[in-house]
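Take a look at the structure set out below.
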Ligand code: DGL
């Protein structure tokens with residue numbers, strides 16, 4: 001492992017920034033390369049074979065050009081498909097992002113949990129296996145959203161996104177009647193890294209209060225464990241942001257909080 005370690009964080013777009021934010025908090029000593037595969041966004045609209053064929057060689061190119069010490073696939077739509085392919089093809093340690101069904105079901109009191117992800121993620125065998133293994137007696141509702149990732153991306157880029165558009169994507173997560181229903185949904189898994197970008201709006205538009213489960217802090221702990229103890233100075237300046245479309249980035253100010261205040265080059 002080099003010092004400071006280089007961590008490459010990858011997503012289809014800006015959603016992985018919600019994972020990056022937690023990792024930077026846990027490991028301010030590291031150097032960060034954030035890659036948004038915006039040329040292929042949204043992944044939720046692509047077939048499984050297309051995603052594997054896109055992501056596996058692309059990660060190989062990124063490893064060759066940035067020599068990361070660790071790669072985080074900060075995308076559920078990709079992680080639920082590509083992790084074994086990546087581990088087979090490359091030596092670098094990988095951390096993926098998959099729906100946090102186990103902790104959600106462990107903490108639900110009403111035993112009714114919804115998993116909100118892209119249409120791809122909720123269809124995956126991997127997600128179904130997580131439910132079979134970890135539902136712990138909960139009724140789990142899978143909600144595939146076609147638009148929420150794009151809405152989150154648009155909101156972060158400073159555009160107006162209407163309450164109606166967000167509420168329509170959210171509505172199927174809420175199963176049950178009124179407060180007298182002891183079995184209505186009390187927990188929603190944010191199974192797409194874009195969704196925490198809209199968390200304030202989700203809380204405000206929810207028909208009743210629920211726990212929103214975001215796996216980013218757990219991912220950051222895993223990354224930190226794999227890196228081992230920080231044993232050098234903080235690399236405060238070290239951040240790069242790459243868009244595969246090669247568009248110049250005009251978002252630096254809005255993105256700075258996700259990089260712990262660093263301005264990504
Ligand atoms: N951020 C991605 C995820 O966690 C998906 C968004 C997309 O490209 O459809 O699933």
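Just so it is clear, glycine is given a Cβ too, placed from its N, Cα and C backbone atoms.
TrEMBL annotations:
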- 75: active site, proton donor/acceptor (ACT_SITE)
- 192: active site, proton donor/acceptor (ACT_SITE)
- 11, 12, 43, 44, 76, 77, 193, 194: substrate binding site (BINDING)
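A Cα-Cα distance of 6 Å separates residue 193 (substrate binding site) from residue 75 (active site, proton donor/acceptor). Apart from the site residues 11, 12, 43, 44, 76, 77, 193, 194, the chain places the Cβ of 13, 15, 16, 42, 75, 78, 118, 121, 149, 192 no farther than 8 Å from the centroid of the site's Cβ atoms, the recorded substrate location. Proximity of residue 77 (substrate binding site) to non-local residues of its own chain (separation of 6 or more, Cβ distance below 8 Å) is seen for 12, 42, 43, 44, 51, 117, 118, 120, 121, 192, given in sequence order. Non-local neighbourhood of residue 75 (active site, proton donor/acceptor): 10, 11, 12, 15, 16, 43, 97, 193, each in the same chain, at least six residues away, with C-beta under 8 Å from its C-beta.
Residue 194 (substrate binding site) falls outside any helix or strand according to DSSP and counts as coil. Residues listed for substrate, 11, 12, 43, 44, 76, 77, 193, 194, cover a largest CA to CA span of 12 Å. Under a cutoff of 8 A between CB atoms, and with a sequence separation of 6+ in the same chain, the neighbours of residue 76 (substrate binding site) are 97, 98, 99, 117, 118, 121, 191, 192, 193.
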